[in-house]
Structures are given as C-alpha cells and as structure tokens.
Amino acid sequence: MEAKFGSQISLHFRTNSFPLRKLYGFPLTTFSGTSLNHLRLKATNTLKGDDQESIRKFKKLPTSEWTHYFHSFVVDVSEMDALRNEIDALKPKVKNTIMSSQGIDSTKKRILMIYMLVSLGLAHHFEEEIYETLRDGFGKIEEMMEDEDDLCTVSIIFWAFRRYGHYISSDVFRRFKGSNGNFKESLTGYAKGMLSLYEAAHLGTTKDYILQEALSFTSSHLESLAACGTCPPHLSVHIQNVLSVPQHWNMEILVPVEYIPFYEQEKDHDEILLKFAKLSFKLLQLQYIQDLKIVTKWYKELEFASKLPPYFRDNIVVNYFYVLAVIYTPQHSYERIMLTQYFTCLAILDDTFDRYASLPEAISLANSLERWAPNDAMDKQPDYLKIVLNFILKTFEVFQKELEPEGRSYTVKATIEEFKTVTKGNFDLAKWAHAVHVPSFEEYMEVGEEEISVCSTLAGIFMCMEQKATKEDYEWLKSRPKFIQTLCARCRLKNDITGFEDDMSRGYVTNAVNCYMKQYGVTKQEAFGELNKIIVEADKILNEEFLTTVGVRHCVLKATFDLARMIFITYNGYEGFTYPQGKIKEYMTSLFVDRIGL
C-alpha cells in the first residue's frame with residue numbers, strides 16, 4: 001500500500017556521475033515516474049501520541065558492556081614516558097638496518113623490510129624512509145627482478161610497490177608458470193612463498209588475470225597446508241588468519257596483533273625489531289585507553305540512555321575502534337576523539353531514521369538538518385527527536401570552535417554539506433521502508449550508496465586528519481569519482497548482505513537483496529551469490545583506482561582505502577557494527593584489554 005502524505009518537503013539529491021552498469025555488469029532499466037533528483041513529498045501528522053508509538057517497529061538493542069568499562073582504568077603516564085624513551089633509543093638502530101647499505105641487493109632487502117615493518121605495526125615510524133626506498137627502487141624494478149626466482153621475494157616486492165601506490169606489472173609472476181600455462185605444482189610445498197603470493201594476489205586490478213589465477217591457486221593449497229599438519233603450528237595459525245583476513249584488506253592496527261606473536265616464534269626473528277614492535281604496540285594500547293576514558297566520559301554526559309528510547313546502538317567504544325582504521329598512531333589522540341564524536345553523530349542519525357522515527361518525524365528531522373536549524377514542525381515533535389537534532393547541531397558547533405583558529409572552518413562547512421546529503425539518503429530509504437516499498441535494484445543503489453555514509457564518513461575523516469584537508473580534497477569527494485562510487489557500492493552491498501536477517505526480522509524490506517530478488521526473480525542465496533560477484537569486482541576496481549588516480553594527494557587516497565579496510569572488517573561474514581559481540585569484540589579485546597607482554 002502506498003504511503004499518503006500531507007504538507008510538502010523538497011530535498012536536493014546529487015546525481016551519480018559514474019554509471020551503475022559499469023560496476024554491476026547489466027544494463028540499466030528505464031523507469032518512469034518522479035525523478036530522484038528532486039523529490040517532493042507530502043507529510044501528515046494524523047498519528048499522534050499513543051497511536052504513533054503503537055506503530056513503531058524497532059528492536060531494543062542490548063546495552064554495550066564497553067560503555068562504562070574504562071571509567072575506572074588508570075594509565076600510568078610515567079610508564080608511557082618510559083616506553084617513548086625506549087622507542088626513541090631503538091629507532092636509530094632499526095633505521096640503520098633499513099637504510100644503511102646500497103646496491104641492488106640492498107635495495108631489494110630494504111623493500112622486503114617494508115613488508116616486515118607494516119606487519120609488525122612499525123611503518124608509521126619510518127614513513128619517509130619507506131617512501132624514499134620505494135621511490136629510488138621504482139626505477140630499478142627490472143634490474144631487481146632479473147633472474148629472481150624466489151616466489152616469496154617477488155611477491156613481497158610486488159606487494160610493497162602496489163601497497164604504496166606504485167604500479168608494477170603482474171607479469172612478474174609469469175616466471176612461476178609451467179609449460180601448460182598453470183602455476184607450477186612444485187610451488188605448493190613452499191608455504192611462505194605461497195602465502196606471499198596469496199597476499200600479493202589481493203592487490204589485483206580488473207586486468208590482472210594472472211592474479212585471479214594466483215588467488216585461486218594459493219587459496220586451495222594454503223587451506224590444505226594449514227590443515228595437514230606439515231607446517232609448524234604457528235605458521236598454520238598464521239595461514240588460517242590471513243585466509244580469513246588478507247593483510248591488504250585488514251585494518252593496519254590489527255595486523256600486528258596477530259603478526260607479532262607469529263614473528264616471535266620464527267627461528268630467524270630479529271630481537272631488536274621484535275622488541276621495538278612490542279614497545280610500540282604497548283604504547284599504542286596505553287594511549288588508546290587514555291582516549292577511551294575521555295570519549296566514554298563525553299558519551300556518558302550526553303545521557304542518551306535516560307533521554308532517548310532504546311532504539312539506538314550503544315556503540316561509543318565500537319565507534320572509537322573503527323576510527324583506528326584511519327587514525328591509529330599515538331600522537332593523534334585529538335583527531336581520534338573528534339572523529340569518534342563525529343561517528344556518533346552519523347550513528348544516531350542512521351538509527352533514528354532506520355530504526356525508530358515515524359515518517360512525519362523523519363520529514364521534520366530531514367528538513368531541520370537541511371536548514372541546519374529546527375524547522376517549524378519540530379516544536380510539535382517528540383522530545384527525543386529534538387534531543388537528536390540538538391546533539392548533532394551542538395557537536396558541529398564544537399568542531400567549528402576547535403578548527404576555526406586553525407583556519408579550517410571550510411572543512412566543517414564541507415562536512416556539514418556531506419552530512420546533509422547522507423540525511424537525504426536516510427530520509428529516502430525511510431520513506432520507502434514506511435511504504436514497505438521494494439524499488440528496482442538500480443534505483444535502490446542510487447539512493448542506498450549515499451545513505452550508507454561512505455562519503456559523509458570520508459568528509460569527517462578529512463576534517464579530522466593530521467594532513468590538513470584542502471578544498472580540492474573535498475571537491476574530489478563531492479565529484480563522486482569512480483573510486484568513491486565503487487567504495488559506496490561495496491559498502492552498501494556488504495551491509496545489506498550481512499544485515500539481511502536483522503532487516504527482515506524487524507520488517508525492513510528495503511534492502512539490496514530484496515530488490516535484486518524481486519527484479520531478477522531469483523532466490524535469496526542466488527541473490528547473495530550475484531551480489532558477492534559484484535563485490536569481488538569492486539575490490540579490483542578499488543585497487544585500480546588507488547593506483548591510477550592522479551591529481552589527488554596520497555594521504556587522501558590512503559584514507560579512502562583505509563576506509564575500505566574498515567568496511568571489510570565490519571562486514572566480514574557478520575554485521576560488526578550493529579552486533580559487535582563476536583569477532584569485533586575479539587579485536588577490541590586484543591587492542592584495549594589484553595596488554596602485550598614485553
């Protein structure tokens with residue numbers, strides 16, 4: 001049944017510039033009716049009071065065990081100072097190992113060391129040295145690769161260059177193929193070589209067909225190696241971990257959680273490097289606890305638990321965890337705390353539209369945020385809605401106050417504009433959901449890609465990141481280039497696949513899975529399969545765009561790809577934001593609770 005509306009609302013929507021068919025692989029359908037570029041809706045307030053409450057559909061979500069966990073924690077500042085002193089003393093020794101010698105073999109060794117630094121969580125200590133090594137080595141690739149027949153070495157060199165945005169041809173792996181055109185079976189017993197090739201294969205683009213073959217080849221054989229018991233136990237565990245989360249798609253801060261214990265059990269590990277990694281990681285853990293004491297105190301003072309109905313996700317610590325995907329180094333507490341506050345604004349906005357607000361309330365909130373001030377109808381709305389609106393507006397006022405002295409007011413203004421856009425997307429989906437409407441898949445994705453908050457999240461990251469965002473950075477984001485469009489689509493589909501059962505359990509049918517099932521007449525499992533194919537293709541496009549995008553600063557491209565890594569961790573077979581009790585809880589425990597031993 002179609003929803004009926006009364007007074008009118010007009011909201012702006014930006015048309016996507018990257019055609020959907022280029023990602024989805026099937027032709028766009030022509031639809032008649034109202035254009036999505038300029039929706040005019042009529043609203044009515046016929047339902048009031050108890051009648052309004054009786055039709056709400058929402059699941060009460062459990063209170064998080066983390067919200068008050070860190071209030072009583074005490075961090076010893078003198079311990080942190082001692083760790084910094086030890087790190088400062090060891091850093092020159094490690095730097096000397098990286099940069100001391102010259103020549104092709106030495107360049108090759110330095111590039112191999114980059115993989116170790118990233119894996120141990122130490123890359124941020126040596127960014128200049130890493131960039132210099134790769135810049136100098138890029139012109140020597142052919143010489144380095146000439147006659148190199150070690151699979152592990154070739155794979156890691158390939159991985160290092162592509163990881164940092166340098167294009168190197170995947171043809172370097174043709175030397176490992178036999179006369180039959182397949183990868184040589186003799187490679188299958190070389191566990192570390194196979195593991196390195198597996199990691200490298202995840203950096204493939206749409207044209208790297210050999211890497212698609214490599215991924216298939218290594219995946220099956222690594223599973224066998226890990227299961228058969230021929231590998232050392234610590235290597236088998238490591239293989240199982242990377243099969244679940246390849247390093248390329250992992251949050252950078254989570255990689256050393258698993259790799260440091262693995263490296264410690266390697267017979268040829270470097271004691272200085274291992275000690276440096278442990279000291280660095282422990283300092284990070286202490287800094288995170290300090291941050292969490294601040295953000296959870298801020299969150300407690302908002303009093304959401306007593307002021308709002310229990311429809312929202314009580315996820316302040318989860319918000320902070322996801323911030324670490326893009327800002328994890330110890331000196332950036334200020335930026336992490338601000339971004340956590342921003343993520344909280346996005347989360348309460350999404351929950352209000354998605355899980356609780358009636359249509360008249362959704363219209364009033366959308367109009368108020370479009371005006372960036374309460375509209376006339378807001379006075380007639382429930383108190384909870386006024387609290388949500390006031391929280392968002394006041395939080396941005398604080399951002400403005402903090403950043404204006406630094407000459408960064410434009411970042412707040414640009415972020416507000418993206419916040420308005422995601423509000424529009426939330427409203428559009430809420431309108432469909434209230435009407436129990438399942439649109440065409442393409443129509444849904446056009447709206448859903450904005451609603452999923454990728455662009456608004458990136459705007460907040462730009463606002464908070466250390467390398468001050470420029471107006472050009474925001475213009476790039478606003479133009480919705482292929483990089484951004486693809487990331488939006490990937491996030492939308494992963495969210496809808498992993499959250500499908502939750503959506504259906506609360507009567508929320510406006511979902512990519514339902515849209516695809518309806519349009520193409522397929523089953524749920526068939527829809528999952530087809531949508532996952534789109535996601536696999538999207539991963540290749542993201543790699544391609546990271547390597548080929550020009551005129552955009554590397555820090556902006558890296559932040560964008562780090563967001564892709566956050567999305568991978570959030571939806572890796574589960575919906576990790578709404579239900580962080582499983583794997584996400586394990587990750588948070590490893591970072592915030594289980595202190596690394598020295």
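For all residues, glycine too, the Cβ spot is worked out from N, Cα and C.
According to Swiss-Prot, the motif 'DDXXD motif' annotation covers 350-354. As a summary of secondary structure, the motif 'DDXXD motif' (350-354) carries 5 helix, 0 strand, 0 coil according to DSSP.
According to Swiss-Prot, the feature Mg(2+) 1 binding site maps to D350, D354. The Cβ of D350 (Mg(2+) 1 binding site) has 22 other Cβ atoms within 10 Å, all protein chains considered.
The Cβ of D354 (Mg(2+) 1 binding site) has N426, L429, A430, A433, Y508 as same-chain neighbours under 8 Å, each 6 or more residues away in sequence. Look at Swiss-Prot and you will find D350, D354 tagged as Mg(2+) 2 binding site.
Annotation comment: Swiss-Prot describes N495, D503 as Mg(2+) 3 binding site, evidence class similarity to another entry. The Cβ of D503 (Mg(2+) 3 binding site) has D496, V509, N511 as same-chain neighbours under 8 Å, each 6 or more residues away in sequence.
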Long-range environment of the motif 'DDXXD motif' (350-354) - Cβ separation under 8 angstroms, sequence gap at least 6: 311-313, 362, 365, 385, 388, 426-427, 429-430, 433, 453, 508
Residues that sit under 8 angstroms from N495 (Mg(2+) 3 binding site) by C-beta distance, when 6+ apart in the chain: I452, Y571, E575
PLDDT averaged over the residues of the motif 'DDXXD motif' (350-354): 95
Where N495 (Mg(2+) 3 binding site) sits in the secondary structure, as DSSP reduces it to three classes: helix
